[in-house]
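Enquirer: Mind having a look at this structure? Questions to follow.
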Amino acid sequence: MSNYVCLHQEGVSSIPKLIEKAYANNYNVVATSINANMVPFEPDESDPTYPATILSAVDWNSKVIFTLSDVDVDSPNAKLRQHAKEVLLRDVAWAEHLQNVGSVMVRLRGPENENLAAIVQTKTKGNWFIQVPITNPELATFEHRKDASAEDVALAEQNDPWNWWNKLRFAVKQSTKVKVVIELNDSDRPSKETVRRWLGEPIEAIIIPSSLFVRNRSNYCVLKKEWQVIIGHFISVRANIIISTNPTDKALSQYADYLKKLISENCDTHELNSYENMLEIPLQPLCENLDSYTYEVFETDPVKYKLYQDAVQAALLDRVSDEEAKTKLTVVMLLGGGRGPLARAVFNAAELTKRQVRLYIIEKNSNAIRTLSNMVKTLWANKDVHIFSKDMRDFSPPELADIMVSELLGSFGDNELSPECLDGALKLLKPDGISIPYKSTSYINPLMSAVLHQNVSQLVSTVPAFDYGYVSLLKNIYHIDEPQALFEFTHPNRAEKIDNTRCKVLTFTIKKDCVLHGIGGYFDTHLYKDICLSINPLTHTAGMFSWFPMFFPTRPRTLKEGQNINIKFWRCVDANKVWYEWQVITDSKEWEHHNICGTGYNMRL
């Protein structure tokens, strides 16, 4: 099922007519009871409430979400429990007969769900949508109860539906076929942190009851601002919308039109959507030549090269006075020319400042050299530009550089070996020369992302997947705590003894009960003075997409609100490679030590 706005109604007499009504009012999926307009109390009821032939197989799969009988298969009463299991198994059998790749939805009633988990695992076709209230429904009852004590309220608040879901998730072994549907209610608005935590779950949809809508001055159905913000967060992670109404509701099209407008306002669409939550092994441009497609993707970034141009421009103005502008030549060494975008930035900066520049382009990719050579002939014939097909670490320059410009940073800052490359190129720089960029800092924070964990788990049969760091456009994630600075590298590094190994322990505090699935990795870099590029979520450079964050997976464990965890991170170097190792430590208990000796992810020198 692709993205949808679904109409949910119970007590309908005809599923085909419900679909017809839904389509007439701008919905493209319906949700209704698998038992249609009657609930047979005998679990072995032989006559179905409708024949399979009322819809085609394609329509059963693509247009209908079945809600299963709301029975308690984990009831403490043995008789009720047995009856409920028989009813639910009958529903599942009928659903699997009608749909071979469809979806069923069942309500989560509380924290005890062992029997439900066992039934979920018996269904082999399609998906399970687990309907979970966003807050404990019991809280809403206290408004009308005079006998409720403060202790009762506190206990109800502690009985968090997320924990119900989390217990079920582990019971079904974190199956990719089990997704969560979050039910909003008009009696209790969730906190901001509660909403953020749900964003790290495999959200299929949110259920919006029609009671959440109010009439505006034009007598049109709208949502209050607070609900618009909450629902907007879920839309931003591609959650589908289920609008729950009674069968006699006359405002169906208004709900659908309003939600579609809200979707268009909150659902960011861009060329890189297909990369969301996808795991990619980071590039290794030092030992592997990039292809033209990769260069082209990076070159479309509208922000990065403008900031590089600003940095070179500011450096030229600082190093060459107006009086010297016509006579003083600035030697710029470009380390890694690619297909020319940084060279263009240097020439643009020179023209804007009216400074004289000689540009040396050092590029080890012989295929990229062809494109650069053509640019020299066709675009830069009147420029003082020289190309060398060399590894910057082995290059002997005709003269030393005043400014060294490079674009060697990866998603974690130093993971494309910029420290090793720039240290090796130090011999190209004058004693008073500068490097653009001159500093890079990596950042990490603990993340919850069931989707990323599932994606990592699918790789386990082929590679040591939990010992790899991945590049990913993080979408369905919960930031358990804010990112903190990890490793810093400055350039030029004129230390007598250069050591690029690092080790650091950072402490994070858990804001809400959650599951740790891994560690997010980011970086920022200072190009010149205060001109910066950043993919740190707290300071992300607006509009820049050249780098996706990194994700370092861990084995999933539940963490409790207020708990502190330590994350220990290493950057290790030997004669042939560089690699990271990571480990989580809680209450003096050490978790798995990942990527020991770089047996998984490493960067070859």
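Sequential numbering from 1, following the chain as shown.
Just so you know, glycine gets a Cβ as well, placed from its N, Cα and C.
From TrEMBL, here are the annotated features:
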type     : residues                                       : note
ACT_SITE : Glu407                                         : active site, proton donor/acceptor
ACT_SITE : Glu416                                         : active site, proton donor/acceptor
BINDING  : Tyr295, Lys304, Tyr305, Glu363, Asp391, Met392 : S-adenosyl-L-methionine binding site
DOMAIN   : 26-264                                         : domain 'PRMT5 TIM barrel'
DOMAIN   : 271-436                                        : domain 'PRMT5 arginine-N-methyltransferase'
DOMAIN   : 440-603                                        : domain 'PRMT5 oligomerisation'
SITE     : Phe298                                         : site 'Critical for specifying symmetric addition of methyl groups'
Enquirer: If you skip the near sequence neighbours and keep only those at least six away, which residues in the chain come within under 8 angstroms of Tyr295 (S-adenosyl-L-methionine binding site), Cβ to Cβ?
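Expert: The list for Tyr295 (S-adenosyl-L-methionine binding site) reads Gly338, Arg339, Ala368, given in order along the sequence.
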Enquirer: Counting other Cβ atoms within 10 Å of each residue's Cβ, which of the recorded positions Asp391, Glu407 comes out lowest?
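Expert: Among the recorded positions Asp391, Glu407, the lowest count of other Cβ atoms within 10 Å belongs to Asp391.
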Enquirer: Would you mind giving the whole-number mean pLDDT across the domain 'PRMT5 TIM barrel' (26-264)?
Expert: 88
Enquirer: Measuring Cα to Cα, how many angstrom lie between Tyr305 (S-adenosyl-L-methionine binding site) and Phe298 (site 'Critical for specifying symmetric addition of methyl groups')?
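Expert: Checking the Cα atoms of Tyr305 (S-adenosyl-L-methionine binding site) and Phe298 (site 'Critical for specifying symmetric addition of methyl groups') gives a distance of 10 Å.
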Enquirer: If you draw a 10 Å sphere around the Cβ of Glu363 (S-adenosyl-L-methionine binding site), how many other Cβ atoms fall inside it, taking every protein chain shown into account?
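Expert: Looking across every protein chain shown, the total is 25.
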Enquirer: For the C-alpha pair, I'd like the distance in angstrom between Glu363 (S-adenosyl-L-methionine binding site) and Glu407 (active site, proton donor/acceptor), rounded off.
Expert: 12
Enquirer: When you measure from the Cβ of Met392 (S-adenosyl-L-methionine binding site), which residues in the chain that are at least 6 apart have a Cβ under 8 Å away?
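Expert: Expected: Leu335, Gly336, Ile362, Lys364, Cys421, Gly424, Ala425, Leu428.
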Enquirer: Inside 10 Å of the Cβ of Phe298 (site 'Critical for specifying symmetric addition of methyl groups'), count up the other Cβ atoms and send me the figure.
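Expert: Around the Cβ of Phe298 (site 'Critical for specifying symmetric addition of methyl groups'), 18 other Cβ atoms lie within 10 Å.
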Enquirer: Let me check the 10 A CB neighbour count of Lys304 (S-adenosyl-L-methionine binding site). How many other CB atoms are there?
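Expert: Neighbour count, Cβ to Cβ under the 10 Å cut-off: 23.
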Enquirer: Taking only the Cα atoms, work out how far Lys304 (S-adenosyl-L-methionine binding site) lies from Glu407 (active site, proton donor/acceptor), in Å, as a whole number.
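Expert: For Lys304 (S-adenosyl-L-methionine binding site) versus Glu407 (active site, proton donor/acceptor), the Cα atoms are 10 Å apart.
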Enquirer: Using a 10 Å radius around each Cβ and all protein chains in view, which of these recorded positions has the most neighbours: Tyr305, Glu416?
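Expert: Most Cβ neighbours within 10 Å: Glu416.
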Enquirer: Rounded to a whole number, how many Å is the Cα of Glu407 (active site, proton donor/acceptor) away from the Cα of Glu416 (active site, proton donor/acceptor)?
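Expert: Distance between the two Cα atoms comes out at 10 Å.
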Enquirer: Between Phe298 (site 'Critical for specifying symmetric addition of methyl groups') and Glu416 (active site, proton donor/acceptor), how far is it from one CA atom to the other, in Å?
Expert: 15
Enquirer: Between Asp391 (S-adenosyl-L-methionine binding site) and Glu416 (active site, proton donor/acceptor), how many Å separate their Cα atoms?
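Expert: Rounded to the nearest whole number, the Cα-Cα distance is 15 Å.
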